[in-house]
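Have a look at the structure below, then the notes.
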Amino acid sequence: MPFRLLVPLGLLCSLPPPHLGAPGPDGSAPDPAHYRERVKAMFYHAYDSYLENAFPYDELRPLTCDGHDTWGSFSLTLIDALDTLLILGNVSEFQRVVEVLQDNLDFDIDVNASVFETNIRVVGGLLSAHLLSKKAGVEVEAGWPCSGPLLRMAEEAARKLLPAFQTPTGMPYGTVNLLHGVNPGETPVTCTAGIGTFIVEFATLSSLTGDPVFEDVARVALMRLWESRSDIGLVGNHIDVLTGKWVAQDAGIGAGVDSYFEYLVKGAILLQDKKLMAMFLEYNKAIRNYTRFDDWYLWVQMYKGTVSMPVFQSLEAYWPGLQSLIGDIDNAMRTFLNYYTVWKQFGGLPEFYNIPQGYTVEKREGYPLRPELIESAMYLYRATGDPTLLELGRDAVESIEKISKVECGFATFVLT
Ligand SMILES: *[C@@H]1O[C@H](CO)[C@@H](O)[C@H](O)[C@H]1NC(C)=O
Ligand SMILES: *[C@@H]1O[C@H](CO)[C@@H](O)[C@H](O)[C@H]1NC(C)=O
Ligand SMILES: *[C@@H]1O[C@H](CO)[C@@H](O)[C@H](O)[C@H]1NC(C)=O
């Protein structure tokens, strides 16, 4: 089936959602207004609990009611929450947090940071809050969007990541010390997502700051990955960034790879870049040819195409959303419904689900509240207005409140 091109897609995506009726306990469509309030209350339960028990650490531990540093020492939850505060219309709290970050955020610290996580969470969190702030009613400084405190913090964080890209291949190391650069003896093995998940933030940063270095390094890394695909058009899971040799040769759409594909599509849309989209569409052909069975996606050996792991991972649940972004609605819906049956079976998505056995995989039964399936439902709903998608939204709120809510926040739960 031919895919729609970007321009008509843009139109498709900007259609307003269809009008929705009243709530229905009796099987009619769930009422979005009711669930909007519930979600808001859930956000404040977690957020206030973080402020009370965990700030200034990165994250809250909801069972022991204390905080700890996870990805650095950034008060990461505050950065993560910035754009959500704007979406919820809480401008005063947003402004308070921006001031707290301005006074406390320091990237000149002796911390070994994940290049990938620091980009998507810190750089991405700061940039999206920066870009949303004016529309949300925040008073912005002169020169915005090319100037502003959040943009300056994002740029400072991103500069700390640049030494990781100084490799013979241009593909980055996975870890960098924020103070000293890449540690001597650092492992050169990086996962595919850790190489191909920069273009959205780095191209945005280059266009806002006028410094091309960010977009340039992101593009080089993407080109190297593209050139490293196998003869049958697949990429593996981990590669040596010094030699360019694949170290883990499982090809699939989940852990270790996932956001690479996501960033090709979202980068293509954001930058109106046909080359990025063309790369994704080539991968998509090989993925469908070798890894798809009955609208499930398995793991295969990247050179031979033989199945290595017949497993669905909860991280893969972004895929129907991605398919709907490229206009491939029918396939998106079929795969979404497969994943939704797993949700209904367990009341959440286990980390790993063995497809032929129809059950969870030992030690991978946890559901750490990943948003991917809900995000897919959102994209698909925006494209189709199909009320089945709202049911997943309702099920997610009900499950998470029932099984995961604890006094100090929300905790991972085990599905069996
Ligand atoms: C904004 O967030 C703060 C902190 O959770 C809260 O105290 C305040 O009531 C919120 N304001 C609005 C308008 O929701
Ligand atoms: C960072 O990693 C290096 C190399 O593994 C190690 O020697 C160093 O102690 C680590 N630094 C911190 C602050 O953990
Ligand atoms: C699909 O797989 C077959 C082998 O199973 C191969 O011959 C063919 O070239 C592949 N097509 C694409 C588009 O990958």
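Glycine residues also receive a Cβ, built from the backbone N, Cα and C atoms like all the rest.
Straight from TrEMBL, the features:
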- E117: active site, proton donor (ACT_SITE)
- D258: active site (ACT_SITE)
- E351: active site, proton donor (ACT_SITE)
- E372: active site (ACT_SITE)
- 1-21: signal peptide (SIGNAL)
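Counting only the Cα atoms, the space from E351 (active site, proton donor) to E117 (active site, proton donor) is about 19 angstrom. The two recorded residues, E117 (active site, proton donor) and E372 (active site), show a Cα separation of 17 Å. E372 (active site) and D258 (active site) are 11 Å apart (CA-CA, integer value).
In the shown protein chains, 21 other C-beta atoms lie within 10 A of the C-beta of E372 (active site). E372 (active site) falls within a helical segment according to DSSP.
Within 10 Å of the C-beta of E117 (active site, proton donor) we count 17 further C-beta atoms, all protein chains included. Neighbour count (other Cβ atoms within 10 Å of the Cβ, all protein chains): 22 for E351 (active site, proton donor). Packing around D258 (active site) is summarised by its Cβ count: 24 other Cβ atoms lie within 10 angstroms of its Cβ, all protein chains included.
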